């Protein structure tokens, strides 16, 4: 893990395609470790052909070699693959109580586009993994619930992402205009999810996005 962090730190210092002057103390401070550990890590990375290190007097120049770049790319690919599997882990939180109103307004369209009559309310989940709602669904094509005008008020489009939570099919809904921060997912379902799954604030939940 420390070698991976070292390569990431070097890449952030632009040691790609050219040698960059870096002090051992800078690396030690950045990685919150000792200069001795930094020297050992650099020696190991050099022995593995991941970096090239040159010393001129008291100056140290380091470059990530193609093998090191391939190693970093492989890690990025694995992380991207993990994030694209559509698994979301979050924590149940209380909402502002406005979900019921909006679900009622969109109810006929939700039935038409998602195939179920929604319970008038949403389950709010604070995303713990991945970082935001959009990160969780970035590779998923949403169901677009079209906006409409009612009693002179405009209701915008809503993006819906079908999910399974505790064996119940529902959907994450992302309104075109929302007051929720990007780490809060609003989930609708045919039932009251809090009651059906016996959930309370702080409970950990797992959602699987249906692709």
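In case you wondered, yes, glycine gets a Cβ from its N, Cα and C as well.
Copied from Swiss-Prot, the annotated features are:
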BINDING   95, 96, 97, 98, 99, 100, 191, 192, 193, 194  CDP binding site
BINDING   122, 124  Mg(2+) binding site
BINDING   178, 186  FMN binding site
REGION    1-85  region 'H-T-H motif-like'
REGION    86-211  region 'Riboflavin kinase'
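Ranking the binding-site residues 122, 124 by C-beta neighbours within 10 Å puts 122 at the top. When every Cα pair among 95, 96, 97, 98, 99, 100, 191, 192, 193, 194 is compared, the largest distance found for this CDP site is 19 Å. Residue 191 (CDP binding site) counts 13 other C-beta atoms within 10 Å of its own C-beta, drawing on all protein chains shown. Residue 186 (FMN binding site) has 122, 124 nearby among the binding-site residues 122, 124, 193, counting only those with a Cα within 10 angstroms of its own Cα. Within 10 Å of the C-beta of residue 95 (CDP binding site) there are 15 other C-beta atoms, taking all protein chains into account. When Cβ neighbours within 10 Å are tallied across all protein chains shown, the highest count among the binding-site residues 97, 99 belongs to 99. Residue 193 (CDP binding site) sits 10 Å from residue 124 (Mg(2+) binding site), taking the Cα positions as reference. In the three-state DSSP assignment, the secondary structure recorded for residue 97 (CDP binding site) is coil. Model confidence over the region 'H-T-H motif-like' (1-85) is summarised by a mean pLDDT of 92. Secondary structure of the region 'H-T-H motif-like' (1-85), assigned with DSSP and counted as helix (H, G, I), strand (E, B) and coil, comes to 50 helix, 15 strand, 20 coil. Rounded to a whole number, the C-alpha distance linking residue 97 (CDP binding site) with residue 122 (Mg(2+) binding site) is 9 angstrom.
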